[in-house]
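J.: Here it is, the structure in full.
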Amino acid sequence: MFSLMANCCNLFKRWREPVRKVTLVMVGLDNAGKTATAKGIQGEHPEDVAPTVGFSKIDLRQGKFQVTIFDLGGGKRIRGIWKNYYAESYGVIFVVDSSDEERMEETKETMSEVLRHPRISGKPILVLANKQDKEGALGEADVIECLSLEKLVNEHKCLCQIEPCSAVLGYGKKIDKSIKKGLYWLLHIIAKDFDALSERIQKDTTEQRALEEQEKRERAERVRKLREEREREQTELDGTSGLAEIDSGPVLANPFQPIAAVIIENEKKQEKEKKKQTVEKDSDVGLLEHKVEPEQAAPQSEADCCLQNPDERVVDSYREALSQQLDSEDEQDQRGSESGENSKKKTKKLRMKRSHRVEPVNTDESTPKSPTPPQPPPPVGWGTPKVTRLPKLEPLGETRHNDFYGKPLPPLAVRQRPNGDAQDTIS
């Protein structure tokens, strides 16, 4: 009677206990059967399972526990992310492929790394020796011996339970009893030390978040330093040439400016161009005035020649060269045929006159005239010829005759037709 009352009290206490949230991590080598085991626990068919890339998450209700299991990928490249899930896990489910004896050494090293981690040491671990349905699968004792499981567990002070199972034999309520038994044992151990584990998990999670924030800041600082170093190297490579190009090159202004500012800027540019044109014209006029001076017809003395300007000397030398060229041409013409003597004399006289003629340069013509604006293009049809229309024709005589109108028409002449009605007589 007393034991019955005690059992009733225990049941009442359990019924009043709140639902506890528990997080578990499922790890192991690739192709060990982790995803098939997780799906079988959740109630899904475990066949045709693809390799897990990253992780997958399943949620289930087991008694008074709301369990979340993180199924982590077992490839070599992805095992580095396992440590990110250790802080918030209450326990570990390690799945072993008992039919693959060649990878037992790799499994042993991986398990040792997991249990050695400070955020896993001391937490309960469930080892599932999977694929017992295959031939040549190792038994429970063989798996313990190959993994040196007893030594690892004692060294890291972890409670451990090993269960040989086969994840593909059933799912849901028909799941392998060994899997169900192992999961029940793991949750029972967690429930016995739930408060201590919760406190430890809270502490580890806070430390891990602080560490992640610090790593993020350090990463950002490294990126900033690398960027500054690249910019410094770029500026050093550019050197003074880059600075000179920046100074000499046009300054790129903002293309989106108010229209008033653009108009003022254009007016300033036009004024500068006009000033530049006027300065160029003045300089051209000065040069022409210095170059073009009235020349005297009579030859000057040698003293006057010495006192001439350099421009005048250039003109004289040019004149002499021209006269020599004309003389040489005359000599060539004289050596020609006799038939062209008259034409040669005429050309000779003309050339002699041209070579000995010295005319003063008109100063009025030297002054630059303002350029005449180009004529506007002719309108369309400007070049088409004018249409020459013929004069209006007039009648040769009078169009109206007074004696024509008002007279009756002449009678019609009735002529007998041959073979007519009048000739059809019967005698």
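Even glycines carry a Cβ here, placed using N, Cα and C.
Per Swiss-Prot, S-palmitoyl cysteine is recorded for C8, C9. Residues annotated as GTP binding site in Swiss-Prot: 28-35, 71-75, 130-133. What Swiss-Prot records for 194-285 is coiled coil, and it gives sequence analysis as the kind of evidence. Per Swiss-Prot, the feature compositional bias 'Basic and acidic residues' maps to 207-235, 269-294, 310-319, 333-344, 391-404. Residues annotated as region 'Disordered' in Swiss-Prot: 207-250, 269-427. For S328, the entry in Swiss-Prot reads phosphoserine, with the evidence type a large-scale study or a structure entry. Per Swiss-Prot, the feature compositional bias 'Basic residues' maps to 345-356. What Swiss-Prot lists as compositional bias 'Pro residues' is 370-380.
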J.: Least buried of the recorded positions N31, Q132, S328, going by other Cβ atoms within 10 Å?
T.: S328
J.: May I ask you to report the DSSP-based helix, strand or coil state of K34 (GTP binding site)?
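T.: The residue in question, K34 (GTP binding site), is helix (DSSP, three-state).
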J.: Calculate the per-residue pLDDT averaged over the coiled coil (194-285) and state the result as an integer.
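T.: Summarising the coiled coil (194-285) by its mean pLDDT gives 79.
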J.: Using DSSP and three states only, what is the residue listed as 'phosphoserine'?
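T.: The residue listed as 'phosphoserine' sits in a helix per DSSP.
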J.: Name the residues of the same chain, 6+ apart in sequence, whose Cβ is under 8 Å from the Cβ of G28 (GTP binding site)?
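T.: Counting only residues 6 or more apart in sequence, the Cβ neighbours of G28 (GTP binding site) under 8 Å are K34, G74, F94, V95, V96, D97, T107, T110.
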J.: Whole-number Å only: compute the distance from the Cα of S328 (phosphoserine) to the Cα of L72 (GTP binding site).
T.: 108
J.: Is it possible to get the count of other C-beta atoms within 10 angstroms of the C-beta of G75 (GTP binding site)?
T.: 13
J.: Count the other Cβ atoms sitting within 10 Å of the Cβ of L72 (GTP binding site), across every protein chain shown.
T.: 21
